[in-house]
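What TrEMBL says about this one:
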type	residues	note
DOMAIN	1-90	domain 'CARD'
DOMAIN	156-288	domain 'Caspase family p20'
ACT_SITE	HIS234	active site
ACT_SITE	CYS284	active site
DOMAIN	328-412	domain 'Caspase family p10'
Amino acid sequence: MEEQQRRALRRGRTRLVAALRVEPLWDPLEQRGIFTRPMLEELQSAGSRGEQARQLIIDLETRGKQAFPAFLSILRDTGQGDLAEMLIQECESRPVPAQLPDLRPVELEPQGEKQRKRLPFLTGIVSCWISQQALGIRGSLIVLCPCQDYEMKADPCGYCLILNNVNFSRDSGLSTREGSDIDCEKLERRFKALRFTVLTRRDLKAQEMVLELQKLSRQDHSALDCCIVVILSHGCQTSHIQFPGGVYGTDGKPIPIEKIVNYFNGSNCPSLRGKPKLFFIQACGGEQRDQGFVVDCGSPEDEAPGGSLESDATPFGLPSGNVDEPDAIACLPTPSDILVSYSTFPGFVSWRERSSGSWYVETLDSVLEQYARSEDLLNLLLRVANAVSAKGRYKQMPGCFNFLRKKFFFVC
């Protein structure tokens, strides 16, 4: 899909969500090959009409070069030509230059006034608000910050869902992930010790994975403080808007990471609003092999073991003519209170030993065992990244997309 078409969908999203009648669109979208039946069933499960419309517009951006003109045609055929014309006008209009935020100092009123006012101040480019209750003694300003740690008082803390795909169908062309059961057992023990209710599912097709994720997102988490999802599978690159990468079901069908994450955002899972949602992805981000570079300081030089070293990569060739190239377009506000930890940098392979499991999970388990009692999650993941990056002849660099608002400490 061309950039101006994507931009038109984003600019028109508010009106589309408010007015789009989605029910008459499903059959034409399938008949024209824009979406498959399982994809449409997933869209229909998104919630209300408006939520279905919102997810449809988001997903439409990933459906190839023909998706936009086909969508316009379907809108006209279903009596929604006014929306089609609106999108055409948005497509033809020029992009508005981004406006830099005003970072000038803000004058704060002194403590004399009786009425409470909300006083804006800037931290970086993020506008925050404080109350005049923050005004301290003798005319000085004292900002009383709320607790900077997520509350973790519930017992159990929350659910931890582990999806462990080991054996893949012959038609998928994906190899057996030997060593993944070792990863799964380690994480089961670790998160149980960290006071989570662990749910493990093995060898699921893509649609079965989606159903398990939706089932968990629809649970009532009101009495819980956190939710964790762990996915152990083959992975690939995918077109995306928010979070890169995808994971495969055992039938060889990919699920975008961002779709997995969005099942648990504030709109789709209200009982987890304001609570940390953690995702740990042991899967490849692509098929590039990182040979590293020479550094002056002494660092471990472990040789990659012999024939037991495998990757979770799957071939990622040039896209065919009717699909877009993979891209990363920042267009939506990323949901808060979410952290996605990847076993490898997007585009590169993730290594796994048949006898001891993956480098990432083995290191994560060890770091949690040693430091979870005393360090917050981001420090723990830095330790994991440092340790994994020093392994082997081929290199691997874990990383994360962090949108947590506070520090997260496990309860031990």
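FYI, residue positions are counted from 1 along the chain as it appears here.
Including glycine, each Cβ sits where the backbone N, Cα and C put it.
All annotation found in TrEMBL is predicted automatically rather than curated by experts.
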Ask   = If you count Cβ atoms within 10 Å of the Cβ of HIS234 (active site), leaving out that atom itself, what do you get?
value = 26
Query = Which value does the mean pLDDT take for the domain 'Caspase family p20' (156-288) in this predicted structure?
reply = 91
Task = Tally the residues of the domain 'Caspase family p20' (156-288) by DSSP class, grouping H, G and I as helix, E and B as strand, and everything else as coil.
result = 38 helix, 37 strand, 58 coil
